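Feature annotations, reproduced from Swiss-Prot:
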{"type": "BINDING", "residues": "Thr157, Lys183, Thr194, Glu281, Asn404, Ser409", "note": "substrate binding site"}
{"type": "ACT_SITE", "residues": "Thr194", "note": "active site, nucleophile"}
Amino acid sequence: MIANISPLAPSYTPELPAIDGITLRTVCAGYKNWQRNDLSLFLFQPNTVVAGLTTQSACPSPEVEWCRAAIKKGKARALVVNAGNSNAFTGHKGREAVAAITARVADHLKCALHEVFVSSTGVIGVPLPIKTACDGLEKAFSAEDVNWEHMANAIMTTDTFAKMSRQDITIQGKSVKMVGIIKGSGMIAPDMATMLGYIFTDAAVAPELLQKMLTKANKKSFSCITVDSDTSTSDTVLAFATAAAGNPILSSEEDKDADKLQEAVTAICLDLAQQVVRDGEGASKFISVSVNGAVSDESAHIIAMSIANSPLVKTAMAGEDANWGRVVMAVGKAGQPAERDLLSIRFGGIEVAAKGMVVPNYDEAPVAAHLKGKEIDISVDIGLGKGQAQVWTCDLTHGYISINADYRS
């Protein structure tokens, strides 16, 4: 955790409700020489279902490999999250650590191994110490119950604030609660999933439908953000549903009120995703990039991400420089259909370039005023079709360099 809270942090912290069927514990296992909780244990009542998405990195952590296999079974009794050590790229020692953790928890709960999920976050290349993890679990088994804010803080690494969200809906006459927490600040460029994010609900829903809902929500949220274009080896998003709300189980998208659950999952994912961008390492500006007029939505998304990932665009925003030429560059390099003489660009709704050149009588003053704010809007019209997309990123500052240059020290 970093001492100074991001200037883009939300002005309020939502009060998250307890969710029936879930017990929360967190302790200091001591993965680093610090006095903070770094092992979190989520316990679920029997028959809790799970869905999940994991990184598309070619170098996934042992935890990711374990979760990928376990998700297919659709059941969960526990989730363990370790902070301070990602356990990625650690060979057989890393796999042994995951095996030891899942075995210890499964033995304690008298459940199947595949019902125990594990995530780890932190430095890459250092095996997770098995004794430290297992000793931490023993402490967690007998620890006092805590609330969601404790858990959100315990999973953090370079984050500057705890990221939480909630939704309350009614499904077929039953009140349903949904809570989400996430950690992430750097190494953020998701592909299918991102960072470590967890969603919890007391809704009764089939795991297959929950998986569909999470996948849809991901496409509109986690897959639309970037901080530094680096996709983590540990990215994981998991959703757990205890069925404690007592609603008739949802098994199809056509079921009554299934659309309400989908909307809630999407809303929480989008809120959490944008909070991650707002906590981008060293960030001082939250940037929304909209692309319209592309040949397809997919093409628009690729172009938008090219702009959002451009170090030149991001540093221009940090310097409050209306250098729209860098946006032109990012569009041109995206590898998607674009026509120079049809392209138009706006900053804060103000057109700065159109038809292949700067607009006549361009006045930079109102654009400069917009760039001095913390919320920046970049809009591009490709002029070729109806494809559209919106993504979110942050600026690139000296703070990002300082945080990552000193990360291991």
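Just so it is clear, glycine is given a Cβ too, placed from its N, Cα and C backbone atoms.
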| note | Out of Thr157, Lys183, Glu281, the listed binding-site residues, fewest other Cβ atoms within 10 Å surround the Cβ of Thr157
| field | Assigned element (helix, strand, coil) containing Glu281 (substrate binding site), judged by DSSP | value | coil
| query | What three-state class does DSSP give Lys183 (substrate binding site)? | reply | strand
